[in-house]
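**Q** Dumping the structure here so I can ask a few things about it.
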Amino acid sequence: MPDSTSSASRGGVRIARGASPWLLPTVATAALSLARARKSGRWAAVAVPTTALAAGMLWFFRDPEREITDGRVISPADGVVQSIMPWKDGRTRVAIFMSPLNVHVNRAPLAGTVTSVEHIPGGFVPAFNKESENNERVVWHFDTELGDIEMVQIAGAVARRIVPYLPEGTKVEQGERIGLIRFGSRVDIYLPEGIDVAVEVGQATTAGVTRIDRD
């Protein structure tokens, strides 16, 4: 089993693009309540939960630097492998569940060109539920050395907004940041026929680090 942490994040940690609508109001409220808490007990009572919430938001939207692993296909998401399923067209789908505690920035599994980015409206049931197949999603297609690679970002019960970073036609490097799913959710990657899967159900993955395929 590959080690998903051997090339873990190095260097600084920044805030993910697309976090502002949630993060800025929360941090501003926490800062205001802390400033007024010195003069008012009522504001002191407000400062505790708002500061805790702001700290949680900063953690949720962290975007650490990564040393990208060498390999044909690397994980697009931090999380846990939820399922590995043979698909009707010969491909293999690897589904990675992202909890609210994981990094929510997704990365390109291979180098190539973005040939399609399609937003599909849908529901918001928990991403580990079978009904999540009908959730809101963004479907990516990449033209790579292995041919067409499909990756799907799926919104969950908490994560109700997917933020793609790149438009169609963009050339990407392996491990490059391509989008954000706010809070918890799921990412599926479809491996072409003939590509062996290196991960196992229940294995932790790190975006840009864990190798998905086997030589």
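The backbone N, Cα and C atoms fix where each Cβ goes, glycine too.
Copied straight from Swiss-Prot:
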ACT_SITE  S185  active site, schiff-base intermediate with substrate
MOD_RES   S185  pyruvic acid (Ser)
**Q** Reduced to three states, what secondary structure does DSSP give S185 (active site, schiff-base intermediate with substrate)?
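**A** Strand, per DSSP.
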**Q** Would you mind checking how many other C-beta atoms are within 10 angstroms of the C-beta on S185 (active site, schiff-base intermediate with substrate)?
**A** 34
